[in-house]
């Protein structure tokens, strides 16, 4: 199949996938189409993050070892002969029909999100007179971000799951989710204005929460992409020690191949322990900051629901994080842990609507 034919087939698939939810939204007249489209993108991106985690956890990232198609075709059925040949040569390798479908469905979902953002951009352009240029520029930024994310998706495959590339791919997906949530949450899209005298959330505390959560998500991605989840198979200790042996330079050399050091040697178990232990240690700081945010936010009437969501997500992250270790990395717990991290970002972005740099941090 020629490159042009492949891209045309993939474009048709993306349009069909995007057309299904758009048709549904168009039939629902209770709210504005543009507002519904914005929240649909948030929902679809969250699903894409969770399915991307499933792709990684099921070792399907190289189910189709080329990009953007699968052995030069638009779907695994057309590449069945190549897939069977690769699977026969390496029965326990990364290529099988099931893994190829998982990888391609992930790509289809990503293309759907990209197509919906193009629709969002066109809608924002059509509403410049009523909403101004801010939504238009926001959509342009989102389109640029999703294109960069697509490039990292391609490099994930072509660079054979290099940890820093895969970790950045996940981080950009989280950033995209946060930006889409902020876009949908903009005050100019709300029907009613907020009361001017309402108490505000301290922006400095919220910024600290965003900072520590962002670092922790990177550390979690680094654990997952280096397959270091079971490097410490016990809890709360690591191999029976409260401070295990560490190798920080080897563990956190960012530019290297999967499972190898920068010099091409196999990564040591100590380096994997270090990667795992860093994620655990930093989790303590994250819990402290986000718990403080919960106690502050719950005092504001407009944030009671979001503060409860924040607390629930924190509890979920602790439970699923521990379960990943003591139950030997079960798929459901790992997926929920990734989804919980994305949901925390969603929650903080929603809270940011009520933040002010002038508000003091008060615990009552």
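Cβ from N, Cα, C; glycine included.
Positions annotated as transmembrane segment by TrEMBL: 6-25 (among others).
For the transmembrane segment (37-57), the list of distant contacts is 21-22, 25, 102-103, 105-106, 109-110, 112-113, 116-117, 119-120, 123, 166, 169-170, 173-174, 176-177, 180-181, 183-184, 189, 224-225, 331, 334-335, 338-339, 342-343, 346: same-chain residues at least six beyond its ends, Cβ to Cβ under 8 Å. If you look up TrEMBL, you'll see 37-57 (among others) marked as transmembrane segment.
When Cβ-Cβ distances below 8 Å are used as the criterion, the transmembrane segment (105-125) is approached by residues 10, 13-15, 17-18, 21-22, 33-34, 37-38, 40-41, 44-45, 47-48, 51-52, 55, 60, 68, 131, 135-136, 138-140, 142-143, 146-147, 149-150, 153 of the same chain, each at least six residues removed from its ends. The transmembrane segment annotation in TrEMBL covers 105-125 (among others).
TrEMBL lists 137-158 (among others) with the feature transmembrane segment.
According to TrEMBL, the feature transmembrane segment maps to 164-184 (among others).
Here TrEMBL flags 205-223 (among others) as transmembrane segment. Tertiary neighbourhood of the transmembrane segment (205-223): same-chain residues 163, 166-167, 170-171, 174, 229, 252, 275-276, 278-279, 282-283, 285-286, 289-290, 292-293, 296, 337-338, 341, 344-345, 348, 351-352, 355, 361, selected by CB-CB distance under 8 Å and a gap of 6+ residues from either end.
Annotated transmembrane segment per TrEMBL: 277-297 (among others), in sequence order.
The feature transmembrane segment is assigned by TrEMBL to 309-329 (among others). Within the chain, the transmembrane segment (309-329) has long-range Cβ neighbours (under 8 A, six or more residues past its boundaries) at 229-230, 232-235, 283, 287, 290-291, 293-294, 297, 336-337, 340-341, 343-344, 347-348, 351.
Sequence-distant contacts of the transmembrane segment (335-355) (same chain, at least 6 residues past either end, Cβ-Cβ under 8 Å): 42, 46, 49-50, 53-54, 57, 170, 173-174, 177-178, 181-182, 185, 187, 198, 200-203, 206, 209-210, 213, 216-217, 220, 224, 290, 293, 297, 300, 302-303, 306, 309-310, 313-314, 316-317, 320-321, 324. Among the features that TrEMBL reports, transmembrane segment is placed at 335-355 (among others).
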